[in-house]
Each structure stands twice: as structure tokens, then as C-alpha cells.
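All remarks here apply to the structure that follows.
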Amino acid sequence: MRIQTMILGCAFLAICIIGSSNAACDEPDKCTPEECEDPANAAEESCAENPDDNPSNPDDDPSNPDDNPSNPDDNPSNPDDNPSNPDDNPSNPDDNPSNPDDNPSNPDDNPSNPDDNPTNPDDNPNNPSNPSNPSGGVEATTAANNGGSGSNAQKSPRRLSNSSVQALPEGRRHLMDLDEGDLFMELIRDVANELDIDVLCHKILVNVGLLTHADRGSLFLAKGTPNNKYLVAKLFDVTQKTALKDAVTRARAEEIIIPFGIGIAGMVAQTKEMINIKEAYQDVRFNCEIDQKTGYKTNAILCMPICNYEGDIIGVAQIINKTNGCMEFDEHDVEIFRRYLTFCGIGIQNAQLFEMSVQEYRRNQILLNLARSIFEEQNNLECLVTKIMTEARELLKCERCSVFLVDLDCCEESHLEKIIEKPHQQEQRTMRAIKGGDSFEEQQKMRNRFTVLFELGGEYQAANVSRPSINELSHSTLAQIAQFVSTTGQTVNICDVHEWVRDHNQIRDSEIDSTHAILCMPIVNAQKTVIGVAQLINKANGLPFSESDVSIFEAFAIFCGLGIHNTQMYENACKLMAKQKVALECLSYHATASQDQTEKLTQDPIAEAESYNLYSFTFTDFDLVDDDTCRAVLRMFMQCNLVSQFHIPYDVLCRWVLSVRKNYRPVKYHNWRHALNVAQTMFAMLKTGKMERFMTDLEILGLLVACLCHDLDHRGTNNAFQTKTESPLAILYTTSTMEHHHFDQCVMILNSEGNNIFQALSPEDYRCVMKTVESAILSTDLAMYFKKRNAFLELVENGEFDWQGEEKKDLLCGMMMTACDVSAIAKPWEVQHRVAKLVADEFFDQGDLEKLQLNTQPVAMMDRERKDELPKMQVGFIDVICLPLYRVLCDTFPWITPLYEGTLENRRNWQDLAEKVEMGLTWIDHDTIDKPVEEFAGCADEEIKDIEFTVTTLNCNQQSQSQSQSQSQSQHGGDDIHTPEHQRSSGSRLSIKKTGALGKVVRSKLSKTLYNSMDGSKPKTSLKLLESHVSEDMDDKSPTSPSQPHSGSVGRMSASSSTSSAGTVDKTKKRSKLCALL
């Protein structure tokens, strides 16, 4: 659009200027033959040049009707030529000088008047009625003879000289018929639409030669930076006969560079003023070297600037020697030259814009190829940098290219601090040539250490990779410049290296002798940290690097930085992967069971399943030693016929079981024994619950493996804790964090040498069993259970009996895994409450960590301060998760009813305990929940005159007797009955006399713990029993009532009295309940 706009403006401006060009020779009498070529110069020349007077011209042939006297156009009797004809009669106002139509001052005859404009049909030479029409030559003569003085009759437009006509190629011979105005317009059209800069410059020089009758011309284009401008000869010494190809080839073969201010063209470029020289050899600015080489003698020179629309110099045009016999370029030539170059400036700028767009497209293609190479070559830094340097050398046409890589680990602290203090310095990308000053010397004190140097020389030279030493870097000028760039982060463009070396007192080494220009730029990564320096040396044409080169190189450096950074990251990743592989090998060695353990387990006899109680839903591992747990696992695999069915080597199976046990951490609940209990429940569901008939052998294998591995490497914390602490596991797995980790650990063990129990499976079976294992382990996340539960319930409620579909089988296996994972809730009470204590302790440990590390209040079930609420929370857990699951499973598979019934029984026990806690009991500080009475408190609004506490330590045989004795003492009311001395010899007695409000809390600070050994040698359970006797002084005026527990006192046992009969009945019931407890 911009180019089209300029072309339209160009055409409009041409129309406005053409009229004034015709006025150059309005007074031919004042023109010398040298100044103006018209028919009055010489007979031969006039005859040769003017086709109207040529005898061979049909216009002058007597037989030609236009020149024949009998021709009515030339006949005196013809009214057009007759003096009496008003058109030719002097008295005719049209030809009368006094007639305003012919008066030069008349605007109708003014060259700028459109009525006299060559494009105006009244003044157009081609118009037969116009006196200047060549075909009307006789008419013009007749008019003159009849006294017509009109200036129009004397106008003779300038035409091409004979020499210029002879120089025209065949395709441009039509120009000889045009006068100067039409020729000017035609030559403007000739260049208006040309966008090839070479063709355009050639046309400009040829056309200027035609307009000014110049022998030859040259055109220079401005190049360089604002501080270093120079002219480059685009085309030089172009004549009318010089072909475009020859002119371009010669200009490129011998490139002529002229700095601004040097020579005639340089002065014109610097001053923007025209220079017209009559005698070139008498001007000191003229350089005669070209004449001496070519043998051509330059006489007259006309040199004029070419500016763009902003007035900036974009080139200089120069024409030499006149061809029409004139010794110099006159004012008319200067004016024509100036006007034509005005349009040429617009055309040159359009062509340059077009050339820039083409170059930009090519550069983008090169950058895209570079980007493609970067992403294709990311595993080898040397190959990548070699490709980058090759592309840079081809793009910017330089002789050599180097890349220095920085060792970031060796950066000095002061430099790092400077980067932190002034980060904007790393973002600055300014091009400047290093001049004087202390900046370079100051920056040498803060150096980055270069570790690798890549160098690429000529086109046929291979890349050189070296690791320069500090000594080599300190004695290399190029390395010193690279050090400066890496330290400051600035782009450096040195136009004259030798001058720079002198200014900075650097020692000239051999590599500097052949260096004249250097472009050096930092290479940064995504964090704007300098990771290297790219250095270009010497433009191929000997010129300094331009501003355009800097811009291109900056984009190139960005791609270079991305490629090097990515490749370095890839190499680091490869190193980390190698380290990880070594670490996994070490981990695998230490995580795998030893050979001695494997051989021992392999040789141990394996008892029958009944001896381990594997078929029962009441299985417990409390009585099993660690080796027995491994044997029990082996027996389950044998009973399911998995060893022979899938050809599992027995020693591999033994090693795998021992390795799985070894990879469980010694946390309080989620340990190896929990995994054993889950696997045993699955085994019981398959065998006793008869669910194996719905499973394939491969699925049974996968489910047993998943049960044993479902909590591998458990840390005693849940998924929420991993997320809150932003642990590496939470970063690695965003959902089901621990479950994904458990599966990965399972895979790691299977991949360890000698542990792959799936080694005999086919690829298809292997994929199938691993899919089962993964899905089953992930199903142990309760979040997954809640997602799948509704779909499973819907299938069961619809009476589904076919579980062979892939989705339905996945649902069923997921529900079975959850049922096995929480199966401790269905164990006998003596097992269940011990397991609940272990779970609570692990939860409380996590709650303590949350308080310590996160400074947050944990949820109730993990808050140690709310330990007495655990029975109530257990009831909620059963109601929300366990009972619905076991109920729906029993509805479909009635053989697993024991799980449902055991859960119901334990719910009643937990509910009972929860009610006791509400009455004032606490239990969590004990190892077991047997008789969890700990504290006793008085009740408000009552007076206690004498409260006596007796704390007695009992054994198991004394327990029931103590309970009955306590009940008896409570029934006696205020009698002070003491335990016999021989029954409390192992205990202690504390009597407290207290008067005052009953709301005062009185606690027993003394307690003894009895460890009852079930086998007579090892403590198994502990019991605290507080035996109390309350004696009250009877007041004659106030009735007394037995002490009752206070329902509003949580964790305490209180004594109270009431005068209300209704309250007495209610308290009596609570008293009875308390007595039953004791």
C-alpha cells in the first residue's frame, strides 16, 4: 500500500511539473546552438533531426497531400492557410500579439497554464491546429510571413540529439518522436513501477543520460550506521549502450566505497548540495585514478543528492561529459536532473523497501531453519554450535565466527551481585563501538570463565573446538573483547580493530593483523543470564558490520541462546538420569532381600493354610513372627495355584516377598503387617467368600500382588499432608499421590534383578496383570472409592450378576480392594480396638507434624488434644464407608457376610464406648481400651466434706473382685469401708478431705499400672482402675443422695446430689450404669 501510494504521488507530481519543463526554451532567439537544439541551428542537422523537413519524410514530399500546393491544407485558397482566413490572419484575434490568447503574459500561453500544457489539445504538438505541430510546418511559415508574431509559432520543443537517438536500443526508438515534456513523462513511467533495485538504478542512469545528453553516469547508495556513513557504487560508468548484466557484474566485481565527505560524491552526500564542475581536473576533490585505469577523460561533472521523503540522503547520482558538443552542464540540465531525481528518490526508496522485505523473508527462512536445526540437534552441544556458526556465517557474510561458552559455576561473586543489583543491565542490547575510556579496563577485573571455544573459519574449513586455558584467554585480544561483552552484557561493534587496539593499549597478536571489523554479542538464556558470547570477524566485502547486521545477529543470538540452553539442559538431564540410574541400582541392591534370607525362606517348610487361619475373616497377625508372615504369603500363592499356573520360580517368589517386606517403613500402622492383613482378607474373600469364581487366575494374581504392595514406602502421612507440604511426591503426582508412589515402588521391585515374578508371562498377559495391579492400588485411595461407589451401587440395585465386562470388573475389583483395606473394622473386638489405637497414634503423629511444620490446626481425627472423640469418629467412619460397602457386597456375594456382621458388632462396641466417653471416661492414653476409667470430678452446687480416693493396682484375678467390691462400696453410701490390707498391699491409698463447692474438680494424681501377662512372662495388656469411696457427713437438715456421674462433664466422673425426686431417679439410673462399668 505504501509503495502504491508513492507511485500515485509520483505520477501526480509529474503531471504538475511537465508544463514547466516546456518553458525551458520559450525564447529560442536567446538560445545558443549549444544551449538549445532547434531547426535554426544548421541545415543538415535540422534536416537530419526534424522528420518534418526531411525530403524522405512523407510530410514534406510534394506528392504528400500535406505538403502539396494542391492540398487544401497548404493551398492559399484553403481557408486554413489563406491570409483572409481568420485563423491565420494577423487581424485575427487568435493570432494577434495583442490578443490575450497569444500574449506570453496571457495565462492561456503560460507554460504552467493547462491551456498551453502539452497535454492540452490546444497546445499539443500532435494537434493539427497547434502551430508547433510538425505536420503544420508550412502553416507556421505562412503564418510568420503574414506577420503573425505569436510566440507559439516560434516554439520548438527540445528533442533527442542525433547521438542520443543513435544510442537508443531498438525497443526505445519510439522515444525519438517525443519532445522533452513527453519524454520526461515517459521516463518517469519507466521507473515508477520498477521494484528491482539493480534494474531501477540502471534505468535511472540511462534515462538521465537521455534527458541531459550525458555520456555516462554512476549511482551511489548510502550505507552504514548513523556514525559511520559511506557510499557504495551500485552501478558505475553506465552509458546508453551498457547492458544491465554487464553493469551489475562490474559493480560487484570492483565494489567502490566512498566515505561521506570524501571526494565529489562524498561531499554531495554530506552537504546535500549539488556540485556542477566544468573542468574536473582543476577541482581538487576529483580523483583521477579511474580515468588513469580506464583511459577515459572526464571533463564536466554534475553530481546531485538523492533524498527520501524525509530529506535523508539515500544516494548520489553523478553524470559525466555532454555528448552534444557542449562543454558543461547548463542550468537546464541541472533543472531536468533535479526534477527527475526527485521521482527517482521515491522509486529507489520503494525498491529498497521491497528489497528489505525480500531480505527479511529470506532471513526469516534462515532463522526458521536454524530453529528447526536447534530442535533437531539437542543431544550434542558441539554439533549444535557448529550448525549455528555455519548459519551465522552464511547469513551475515563474514569470514570467521566464534562462540565462547561461560562456566556459570565459576562466576565471581561481585559479578553476580552486580547482576542482582542491576538486572536491567542484562536486558540492554545496545550497539556501540568501543572507543577510549576506562570502562574496558575496569570490566577486566570481573571476568567470566570461558570453558569452551568454538571456532569456524572459511567455507571449506572444519569447526574447531577447544578448551582454552586462562593463560591463552589472557593473551588473546578477541578473548578479551569477549570477556568484556560477557561481563557487561552489551553488544560491541568495532569498526576499526587496529585503532581500538591502540586506544586500549592492547598487545597486537597475530590474529588481529588480519582483522579489521568485529561484531560481538552476548548469548543469554531464559533467565537473562549470559551463558556465552558470539563473535563475528570481518565482513566478506571488507566493510564494517552495519546496523542491519547487528539487528539480524541479535535475533540470531536469541535462537542461539535457546538452542545452547536447551542442549545444556538436555545434557544435564542425561547426567541426572545417569545418576538416577546409579541411585536406583544402589536402591535396588539395598531394597532387595539378601541371598541368605532368600535361601533360608526357600528352604523353610510352609505350614498349611489352616494353621495360619488364612481362610477365616477373623485372622490376626499378632501371634505371628516376621518369618511366619512371609510363609503365610507364600501359602496363599500356593493355595491359589499361582506358582505353578504362571511358572513363577520359587526362589524368585521368595525373594520378591522378602523385598516387599523390606520396602515397608516401620510406621505404626501402614506397615508390612497391614499389607499382610489386607492380602489375607482378599484371600479369604476369594476362597471362603467364593469370589474367585468371578475372577480369572491372572486377575487373582494381580489382586494379591496389589494387596501386598498397596502401601509400599508409606511415610505415615496421607495425600493431603503431601500436598500441603509441597513434597516432591506431590509435585510428581498431582492426584492420588501416595497411591501412585506405591505403584511405582511395586514396579521398581518387580524390575529389580531376581524379583520379577511376572517373567514367564506373555507380553499380553504382562500388560493385563500390570493394569490390574495399577487399578487395584489406585482404588485404595478413598477419593477413588467415593467416585466409583455410586456406579457400583447402581449395578447391584439393578440386580447385576454378570461381572465379566471390563468396566464392571474394574468396579468390582476396586470395591474388593477398599473392603480389604478397611477390613480391620470387621475383626474381633480385641483385635479391632488395638488396631484402632495404632491408627490413631499414626494420625496423631501427622497432626503433630502439621502443627510443627505448617503451623496449622489439624482435623479432629489427627488432633491429639481431641483424642477422646475417637470412638465417636470411629462410629462415623463405619456408618459412612464400611457398612454401606459391606452391605452391598453381602447382598451380591452372601458368602462374605462375616465382614458385615463383624462391622456391626464393632459399631455397637464403639457406640457404647462413645457414650461412656460422654459420661466422663477417657481411654486413649492406655495401650488397650479395657476398663478405661481414669478421672473423677465433683459436681457443681454440692458440698463435699470428705472425699476419699483409693488407687489400687490389681491383677487379672483380682479384677472382678475389685469391681464387685467397688459396687458394694457404692451401695453402702456414706459408710467408710476400707479395703483389707492384704488386698491392697501392692497399691496405695490417698485420702483427701475437701469442703466447699461440689463444682470443684478433684483429680487423682496417683495411679498404678498393672501389666497382665497372658502367658505369664510377657506383658500384653495394661489396666488402670480407680477405686473410689465417697463418704459424706450426714446433715440432720439436708437429705443425702448417692453420688452420680455428671453428664455434662466430659472425661471426668463426678458426684452430685439433688433434692428433686425426678432428678434423683435420673441420676440413679446413671449411677447404676456407672456401677456396671466398675
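Glycine is treated like the rest: Cβ placed from N, Cα and C.
Per Swiss-Prot, region 'Disordered' is recorded for 24-168 (among others).
The feature compositional bias 'Acidic residues' is assigned by Swiss-Prot to 46-64.
The feature compositional bias 'Low complexity' is assigned by Swiss-Prot to 65-135 (among others).
According to Swiss-Prot, the feature compositional bias 'Polar residues' maps to 142-166.
What Swiss-Prot lists as domain 'GAF 2' is 380-564.
According to Swiss-Prot, the feature active site, proton donor maps to His670, an assignment based on similarity to another entry. Under DSSP, His670 (active site, proton donor) is assigned to coil, being neither helix nor strand in the three-state scheme. Listed in sequence order, Tyr664, Asp711, His714, Gly716, Glu842 are the same-chain residues at least 6 apart in sequence whose CB falls under 8 Å from the CB of His670 (active site, proton donor).
Within 10 Å of the C-beta atom of His674 (divalent metal cation 1 binding site) sit 22 other C-beta atoms, taking all shown protein chains into account. As annotated by Swiss-Prot, divalent metal cation 1 binding site applies to His674, His710, Asp711, Asp821.
Swiss-Prot lists Asp711 with the feature divalent metal cation 2 binding site, giving similarity to another entry as the kind of evidence. Cβ-based neighbour count (10 Å, all protein chains) for Asp711 (divalent metal cation 1 binding site) stands at 25.
For 958-971 (among others), the entry in Swiss-Prot reads compositional bias 'Low complexity'.
Residues annotated as region 'Disordered' in Swiss-Prot: 958-994 (among others).
Per Swiss-Prot, the feature compositional bias 'Basic and acidic residues' maps to 973-984 (among others).
The region 'Disordered' annotation in Swiss-Prot covers 1011-1078 (among others).
Taken from Swiss-Prot, the feature compositional bias 'Basic and acidic residues' covers 1026-1038 (among others).
Taken from Swiss-Prot, the feature compositional bias 'Low complexity' applies to 1047-1065 (among others).
The annotation compositional bias 'Basic residues' is assigned in Swiss-Prot to 1068-1078.
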Using a 10 Å radius around each Cβ and all protein chains in view, which of these binding-site residues has the most neighbours: His710, Asp821?
His710
Taking 8 Å from the centroid of the Cβ atoms of His674, His710, Asp711, Asp821 as the cut-off, which other residues in that chain fall inside it around the divalent metal cation 1 site?
His670, Ala675, Val678, Cys707, His714, Thr780
Mind looking up the mean pLDDT for the domain 'GAF 2' (380-564) in the predicted model?
72
